[in-house]
Amino acid sequence: MRRWRPADLLFWGGLALVTLVLSLASKQIGVATGWKWLTKFPKGWELHADRAISAAMKWLVEDAALGPLRFRDLTRLLSALVEAPYFVLRDFLIDGFQIGQGQQAVPVLPHVSWLVVVLGFGLLAHRAGGFRLAALVVASFLYLLLFGLWESAMVTLASVAIAVPLGVGLGILLGIAAFRFRWVDMALRPVLDLMQTVPVFAYLVPILFLFGFGAMSALVATIIYAMPPMVRITTLGLRGVPEEIVEAGRMSGCTPRQNLWKVRLPAARGMLMVGVNQVIMLTLNMVIIASMIGAGGLGYQVLTALRKLDVGAGVEAGFGIVILAVALDRLSQAIARRSPAVPAEGGWIARHPRSLALLAVLLVSYPLGALLPALNSFPESWQLSTGSFWQEVISWINLNLYDQIEAVKVFALTWVLVPVKLFLLGIPWVWGLVLAFAIPAKIGGWRLGLMGLAMASFIAASGLWPEAMITLYLCGVSVVIAMLIGVPLGVWAGQNAQANAVLTLVIDTLQTLPTFIYLIPVVMLFRVGDFSAMIAVVLYAVVPAVRYAAHGIRSIDSQLVEAGLVSGCTPRQLLWKVKLPLAMPSILLGLNQTIMLALSMLVITALVGTRDLGQEVYIALTKANVGKGVVAGLAVAFLAIMSDRIITAAVNRKRGEDHA
Amino acid sequence: MEQPIILECRNVWKLYGAQADSFLQTHGMQPTPEALRRANIVSAVRNVDVTIRKGEIFVIMGLSGSGKSTLVRCLARLIDSTAGEIRFEGRDLLAMSGPELIALRRHKMGMVFQHFALLPHLTALENAAFPLEVQGIDRKTRLERAMQVMELVGLKGRENRYPHELSGGQQQRVGIARSLIVEPDLWFLDEPFSALDPLIRREMQDELLRLQARLHKTIVFITHDFDEAIRLADRIAVMRDGAIVQTATPEELVLNPADDYVAEFTQHIPRAKVVRLGTAAKPLGPGPFAGDLTASLRVAEAADRIEAADLPFRVLAADGAPMGQIDGRTVIDILIGREVAR
Ligand SMILES: Nc1ncnc2c1ncn2[C@@H]1O[C@H](COP(=O)(O)OP(=O)(O)OP(=O)(O)O)[C@@H](O)[C@H]1O
Ligand SMILES: [Mg+2]
């Protein structure tokens, strides 16, 4: 283990002490000196970047033009391009095809029978992953049918079906461009960083402004949200193709273009499919969130249930999302893993038995559906509801466990949450700026310090200092708790195969869940407030803590462990003196990821009534205030970027020390 | 009769590191190892001259990291050498434009890679047909042609497998089929059998000799295994730290190593497997003789017959003229590794 140098000890100890004193005595200092601006950022000094942004946005939408082509026309054109296939798909799945508009509309073809959809997915799953996967997928769809979630699920599915190909396609193209041209790579990198750190609500606002409330905005937001990993993975995948394979392509006489499309891209196929899977999961997550801006679907059901505190409906719709997510995840993973099969002999008909069968069923289903309405729409009388059951479960818990839950909550609030909150809020913003420079500068050099100072100044000058402190407090407490739970679990999983198997399953499931879902049980049990927010954040952010710790332990060179054993370490010494120090860089990376996830979840928890930056963004969203939303969103992104840079610098420094 | 030169390179250098290009100029094209080390530059290939004649198997041999792969990639112009000139069939390879180079690779050069480098998304047959695919030849023709080369390398019946469904030896056969489909004149093989286990490796070496007996390509073969080099080579170039130490026939290499480094390699090689009768023969005596043997036979191949006979054998040169004689005692000297006078 590293020993502290006296100078370091003095620095950190002193900093902590001064901060504590200033925080506790800030009121008195303000009163004694008569300088109120010390503790409260003066209104008159604010930058009003939000107003400028709002005005710019307004100009963009209303007046901006390039010659005869107005910006508004451009967005309309884009809308039309994306919306056209979306509405065709919706008509096919849900609304049915019609000619004409509104009252005069003449139905031409009803929506497709549920049976065809279930069958189609079942056959696809069977082809990709055999009987078991098919059973899983069919069961998932049956759940949606039985619980009356079919229509919402189809709306969600339609959004996913449009957003995923677009996200994947754009991602691959951008990824190729970044691979081919260095300057594209350089330009894209910070943009991708921002796209992944700015909270989703924040860019919902300008998008709403540009495209209006409805499906189009939701789709655009979804694509922006889901595309970045595809870009990165494409570039990585193309770079990762073994040089020998590329050389084989060149020696085969490929032109550079052929080498890209026929050699590199197909050879990177495994990696690309990982990206596609990610895009699907992110899309699903975002489609659910986007229900707030008119995407409809399963997310909307959860949202209304949450608002009405309708436990049963909330749980059922929530399960629907989970089930759909798991089914799509397994399906896409199976397709990714499937090695191309030996091409079957025979003509087209013999080679595509499934597609043909499905087509036949589709054609038959229309006339049959006219005769048998049950085939067309799943009859309501066949549907189940467990709503009352869940209501009772919650009531039972509230009746019988109320005192215990309340005690835990009160304890956490009085002894952890509130003190930390008061401490952070007490720090005068001037001293906060000093900290924002000193901490990163100490760890990563003065450049990083200046970056921290600039970002913190932006936050203060936007009048968001208290909100940022609340964000910091909620995020900080949640991350500490997540690490306290996650790292020991990860260490355990890293040393014990059985524990690993179980934990991997739990973690994989947790990671498939759209962020929205975490709110349901939390709100049901703990109602709204900081405590609920914290629980949701911890649940969501604990995953990387476990995963990276386990990875760190497992990837230790076994020779080093053996060296420890031979030196006579007890198991405990082995853990503390050999394994943990070696796994530390990996654990720190896990911390980094945990912070990122915590911040992104925190914004979502604005729905359960926190008072942090997320709430600011959310309010801006509901009021369609572009400037406010963007500024608050940037503030969150700055917190994320700073913590990322500081931890990366710490990891690098640690690595450097180990090697020195 | 000397065959025409197909590939020739002079003073080829390949340096890796910052400002590797200008470094060579500033040091008068002859940098010392110390200067290179001080500038933190790796010289993967230094000042290499190679002449390869039509129809021969030219083996480049050296330990791991000695620069073999880098040299062969320079020769195939997969990477650009830092300095030097390379001529292919008399044409300046380094002056060729992109399209010229592509045309050259489509018709005159083939290469087999150490780790097979098959395209994972294509079947064995499609992999073999790939060079024709990029030439734009229609699917039916190219698959038929690929079928023929697959048969040639003994893979009939496995055409529709994907690379990951094939064993290492089978994958390398696909690699060989792919490199042969354009009927190249010059065939590069970069440690093609190093990733295979010893038994399969021997089998593949025999396969290569069998193919060569039929196809008469010019082969540039890389290996770090001296036994392999001796089995296959007409001539061997031994590389060390990027430079060629000696270029010679296996026999010369064993009998007259240029320095201790080469001697180290050749030490454990049984002389009888390398030395030919023509080299081992003593001046022709008056006879009588037990019979005639050709000079190109290796000692090991004729040892039993010579030892069994009481009389010496006459050694005949390629044109049939007697050039010396060999008896059991000489053979035993060679077999037990006693110094042989030349
Ligand atoms: N792209 C590169 N950048 C820097 N150094 C390189 C590069 N490629 C090769 N080298 C160096 O050049 C030297 C020769 O490498 P090369 O791959 O030619 O060796 P080799 O003889 O083929 O070895 P092996 O038998 O292991 O394949 C090595 O020291 C290697 O580190
Ligand atoms: Mg090599």
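Including glycine, each Cβ sits where the backbone N, Cα and C put it.
The domain 'ABC transmembrane type-1' annotation in TrEMBL covers A:149-332 (among others).
The annotation domain 'ABC transmembrane type-1' is assigned in TrEMBL to A:468-647 (among others).
Residues annotated as transmembrane segment in TrEMBL: A:131-150 (among others).
Feature annotation from TrEMBL assigns transmembrane segment to A:157-181 (among others).
For the transmembrane segment (A:201-226), the residues of the chain that approach it from at least six positions outside its boundaries are 57, 60-61, 75, 78-79, 82-83, 86, 159, 162-164, 166-167, 170, 195, 278-279, 282-283, 285-287, 289-296, 603-604, 606, 614, 617-618, 620-621, 624-626, 628-630, 632-634, 636-637, judged by C-beta separation under 8 angstroms. Per TrEMBL, the feature transmembrane segment maps to A:201-226 (among others).
Residues or ranges marked as transmembrane segment in TrEMBL: A:279-303 (among others).
The transmembrane segment feature in TrEMBL is assigned to A:309-328 (among others).
Long-range Cβ contacts of the transmembrane segment (A:356-375) within its own chain (Cβ-Cβ under 8 Å, at least 6 residues beyond either end) map to 109-110, 112-116, 119-120, 123, 349, 382. The transmembrane segment annotation in TrEMBL covers A:356-375 (among others).
If you look up TrEMBL, you'll see A:422-441 (among others) marked as transmembrane segment.
Residues or ranges marked as transmembrane segment in TrEMBL: A:448-465 (among others). Within the chain, the transmembrane segment (A:448-465) has long-range Cβ neighbours (under 8 A, six or more residues past its boundaries) at 41, 43, 45-47, 49-50, 429, 432-433, 436-442, 613, 616, 631-632, 634-635, 638, 641-642, 645-646, 649.
The transmembrane segment annotation in TrEMBL covers A:471-494 (among others). Within the chain carrying the transmembrane segment (A:471-494), a Cβ under 8 angstroms from the stretch's Cβ atoms is held by residues 416-417, 420-421, 424-425, 500, 503-504, 530, 533-534, 537-538, 541-554, 575, 579-580, 583, 587, 590-591, 594-595, 598-599, 602, 605, 610, 612-614, 635-636, 639, all 6 or more beyond its ends.
Long-range Cβ contacts of the transmembrane segment (A:501-525) within its own chain (Cβ-Cβ under 8 Å, at least 6 residues beyond either end) map to 281, 284-285, 288-289, 299, 302-303, 305-306, 309, 311, 314-315, 318, 321-322, 325-326, 329, 394, 397, 405, 489-490, 492-493, 532, 535-536, 539-540, 542-543, 546-547, 550, 600-601, 604-605, 607-608. Annotation comment: TrEMBL describes A:501-525 (among others) as transmembrane segment.
Annotated transmembrane segment per TrEMBL: A:531-550 (among others), in sequence order.
Residues or ranges marked as transmembrane segment in TrEMBL: A:587-609 (among others).
Between the transmembrane segment (A:131-150) and the listed ranges A:279-303, A:309-328, A:422-441, A:587-609, the one holding the most Cβ pairs under 8 Å is A:309-328. Long-range contacts of the transmembrane segment (A:157-181) within the same chain: residues 82, 85-86, 89-90, 93-94, 188, 215, 218-219, 222-223, 226-235, 237-239, 260, 265, 272, 275-276, 279-280, 283-284, 286-287, 290, 295, 297, 324, 328, each at least 6 residues beyond the stretch ends and with a Cβ under 8 Å from a Cβ of the stretch.
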